[in-house]
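Listed in TrEMBL:
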ACT_SITE  248  active site, proton acceptor
ACT_SITE  270  active site, proton donor
DOMAIN    218-428  domain 'Tetrapyrrole methylase'
MOD_RES   128  phosphoserine
REGION    1-203  region 'Precorrin-2 dehydrogenase / sirohydrochlorin ferrochelatase'
REGION    216-472  region 'Uroporphyrinogen-III C-methyltransferase'
Ligand code: SAH
């Protein structure tokens, strides 16, 4: 079976739909969205269709199918659950040389309706010629995730300026470069940033210049805790479009392997002998340097870039150097570890607030307000705490948090090697030593942590309340 693909303009054209059930309702909705006038033939109507008929949005013809329903019609859809009626409709339409679709019956149909990805005015239509609808649906999902919703407005904008672009870029090569710049450069970025007026202005300004300026940009992307399934669609798109990826040590190889094959990958984690300030200065300089050469830079960080990730400092540096940027949030370790340990971070019975805290501060030079963390109905999530567990447990108890407060220590959260150790605050340091918990690990303190014993579902679970202090 070989089909000819076409996109039909049905605006104000009459289409007959036969059938009054849920399937017919879906077809009617799609046809109305395309601007078609709908005549609906059926003895009885689904509630939604009855409402449309009452409003006069569709014309209802009651009763069993009659050939006269086809008068003045451009296209026919048969959506009854009665194969005989559907066959009758198909035959009558065929006699009149009208194209007919019988829902889920390619044998009776003379046209088929594709799966679509709608970024109007851009539409991608997919068909398996009725042979493998599941495959077509899969493909649709893939394509759906590839294009952000800003491509619709971008196509609109390009359409509005088409004549002027042709006038200002009369030769083909220049015009092609202009369109590439339009798709990849600041205009598309501004549309993604929900700034349509600025996008139009940037396009206008570019038209008046003889050539598009080379201008790179940086996307600050949160890569999540390690499981590639926890990347956002936006993060995946950024990786697909990157020229250069500057990544941190915590970013997993699985995630890097999803990036565009020919993207340059650079590990910008701390080097032996280098201090944090030098590492950070080197990252700042690299981002600006690559962007100035017109590259699309992805700055890839573990978890979320704005949570203990120095993302703020990096953006301030970019802003100071006039490099445009975007930010894509990531699943931060606290959320990922809690989800994979079966710990609801808030719970109506146990915790009304959540604190994200870095444990990476010296014992004497203390920036954490321990008193504020001692209340029993709040959940505490400590990052970077493995080497500080003694001090953490001691400080919390000194400030009044009960010795029997539950904790959960999540090592390698969301990864195949994940281990979760639960216990009571007083035994935290001893238990962690006994089970040799290592970084990266996240510490959750509070009544909700005990729920891991009941709700755990992923990786290895060690209930330290059962045999306190006993080695594994
Ligand atoms: N920006 C990151 C945090 C960076 S700080 C985020 O939003 O998640 C690094 C700390 O995060 C680690 O010391 C550890 O406490 C925590 N962490 C990161 N990934 C983790 C993982 N997969 N499992 C457990 N803890 C993790």
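Cβ atoms are placed via backbone N, Cα and C, with glycine included.
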Distant-in-sequence Cβ neighbours of the residue listed as 'active site, proton acceptor', under 8 Å, six or more positions away: 268, 269, 300, 301, 302
Fewest other Cβ within 10 angstroms of its own Cβ, chosen from the recorded positions 128, 270: 270
DSSP three-state assignment (helix, strand or coil) for residue 270 (active site, proton donor): coil
Residue pair the residue listed as 'active site, proton donor', the residue listed as 'phosphoserine' - Cα distance, angstrom, rounded: 50
Assigned conformation of residue 248 (active site, proton acceptor) - DSSP reduced to three states: coil
